[in-house]
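The structure is given below, and queries will be raised subsequently.
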Amino acid sequence: MVLNTLLPVNCIMDTRTEAAQLATTGRKPGATMGTLSLAAGGWVSNLIVYLIGEYNVKSIEAAKIFNIFNGFITIFPIIGAIIADSYLGCFSVIWISSLISLLGMVLLVLTAGLEPLRPSKCGNGSYLCSDPSKIQLIILYSGLVLSALGVGGTRFTLATMGADQFDKPKHRGIFFNWYLVALYIPSVISSTAIVYVQDNVSWASGFGICVAVNVLGLAIFLFGSRFYRYVRPQGSPLMGLVRVVVAAVNKRKVKLSMKGEDYYQQLHDGASTVMAATPTQFFK
């Protein structure tokens, strides 16, 4: 996602108050990122163990599922950034994604707390384990997909919206430093403390903590909605790149003209000039 701070001349600001409270509003996206990172790490870090121990999934299959959802968490932020840049704006994408993540975590709590939503456990020393039913898998995967969507929709957009709250590059740099702190330290806590609760207390308690911090993060973010600076969607540069690739593919069989006057080059001052160059096979 291209940060709006890199394009100060073209930014279209919209504030719901006469002046955005920069000292306060810049902290809330960072605090929200911290709580959401804590919630996400709570289910991602111990997912393989949960699948093997509670759903009787073989270790190889559990590793595959874990890798798939890790891939979702990597891809979804790009989709969320495009939607924020082109259509909804960062604020809407963040609160909608946080709500989606919350719904996913609630489903995971239900799978951990309600026995009918899990297959029966294997007997002591028994290699015969019942497989999860289709309904049980649908509920489990729905919770995981919603949780991954929520993580993806907030990871880049929170950084962008937080940077939009500051005017000076120095202040933006300080924000990004603390943003990274809010991203990684909660991940360490979730990978240790919440995993300990899941392994030694109960899975429902561990996932319940994730739900609680997710609610807290969403509440903190919405609490500052009156004071934020809002940058209106102006289109994503990634969409322009996609259009170039699509145009190149569609025109891959177009016959090129050998006349130099058929090709033009845009100068920095806006004028066009004839480019007397031999056409190539790239980006016709």
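Numbers here mean position along the shown chain, with the first residue as 1.
Here the Cβ of each residue, glycine as well, is placed from N, Cα and C on the backbone.
In case it helps, TrEMBL gives these features for our protein:
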type	residues	note
TRANSMEM	35-53	transmembrane segment
TRANSMEM	65-84	transmembrane segment
TRANSMEM	91-114	transmembrane segment
TRANSMEM	134-153	transmembrane segment
TRANSMEM	174-197	transmembrane segment
TRANSMEM	203-224	transmembrane segment
For the transmembrane segment (65-84), find every same-chain residue at least 6 residues outside the stretch whose CB is under 8 Å from a CB in it, and list them.
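Residues 1, 40, 44, 47-48, 51, 57, 90, 92-93, 97, 144-145, 148-149, 151-157, 160, 233, 236, 238-239 contact the transmembrane segment (65-84) from elsewhere in the chain.
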Which listed range (35-53, 91-114, 203-224) shows the maximal number of Cβ pairs under 8 Å with respect to the transmembrane segment (174-197)?
35-53
For the transmembrane segment (203-224), could you work out the same-chain residues 6 or more beyond its ends whose Cβ comes under 8 Å from its Cβ atoms?
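Long-range Cβ neighbours of the transmembrane segment (203-224): 24-25, 28-29, 31-36, 38-40, 42-43, 46, 50, 54, 94-95, 98-99, 101-102, 105-106, 108-109, 112-113, 150, 190, 194-195, 197.
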